[in-house]
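Chemist: Below is one structure. I have some questions about it.
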């Protein structure tokens with residue numbers, strides 16, 4: 001029997017992407033597309049162990065379970081290893097459900113024999129099932145993209161920062177879960193990418209240091225006062241606000257939709 005390895009890898013890559021999309025839709029968890037692709041590649045490559053007899057031992061259930069868990073860790077990160085266990089369980093249940101559906105389709109084209117048992121010799125519906133999977137993946141990605149664009153559009157503000165008669169116009173995103181404030185002055189903080197103020201040095205005696213913590217991370221931000229801060233949403237006029245500016249070394253938006261984060265206290 002001829003086996004086309006490239007076709008098998010491609011088909012299993014599509015199946016894994018579909019199952020991962022279903023899994024995280026059930027869990028209502030937003031994940032990065034790049035990480036889903038990498039995890040799907042790992043799942044597709046794992047099918048090789050079922051083709052070559054030398055790797056048959058790796059096809060045992062404990063190894064399959066381990067690979068599924070590694071796929072979840074690739075997507076979620078090692079800091080969320082507990083949630084990855086839950087995601088692995090949902091992924092396996094989705095796989096079993098899909099296997100049952102595929103078996104029903106295969107039984108429509110292949111008959112059971114008392115002498116030969118059940119043999120799959122014809123499965124033309126396979127391409128119909130794969131087409132449905134591809135459509136679901138594309139639909140899911142499109143919905144996620146447009147939903148993300150809508151959220152960014154609704155929560156994006158223009159920020160005008162004045163420092164020594166120099167005005168900086170930047171885009172800020174309202175982080176509704178961000179309540180960062182400087183503890184002494186109780187002023188809310190605006191986190192801005194540091195490269196925007198590369199020509200401005202903050203004197204140590206005029207700096208504020210704000211402790212922060214989030215899931216798996218904690219540290220200290222360096223903040224400072226500026227001459228004036230004004231913000232406006234789409235269709236509104238600029239209004240002045242009291243806030244501290246905090247430098248951030250990271251890129252806040254991979255698509256460069258914004259380069260600052262607003263806390264709720266600023267609004």
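A Cβ is built for glycine as well, from the same backbone N, Cα and C atoms used for every other residue.
Heads up, TrEMBL stuff is auto-annotated, nobody curated it.
Feature table excerpt (TrEMBL):
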- 12-29: transmembrane segment (TRANSMEM)
- 36-54: transmembrane segment (TRANSMEM)
- 60-77: transmembrane segment (TRANSMEM)
- 89-108: transmembrane segment (TRANSMEM)
- 120-139: transmembrane segment (TRANSMEM)
- 175: active site (ACT_SITE)
Chemist: Top stretch among 36-54, 60-77, 89-108 for CB pairs under 8 A with the transmembrane segment (12-29)?
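Modeler: The stretch I would name here is 36-54.
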Chemist: So if I measure Cβ to Cβ from residue 175 (active site) and keep only same-chain residues at least 6 apart in sequence, which ones fall under 8 Å?
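Modeler: Within the chain, residue 175 (active site) has Cβ neighbours under 8 Å at 261, 262, 263, 264.
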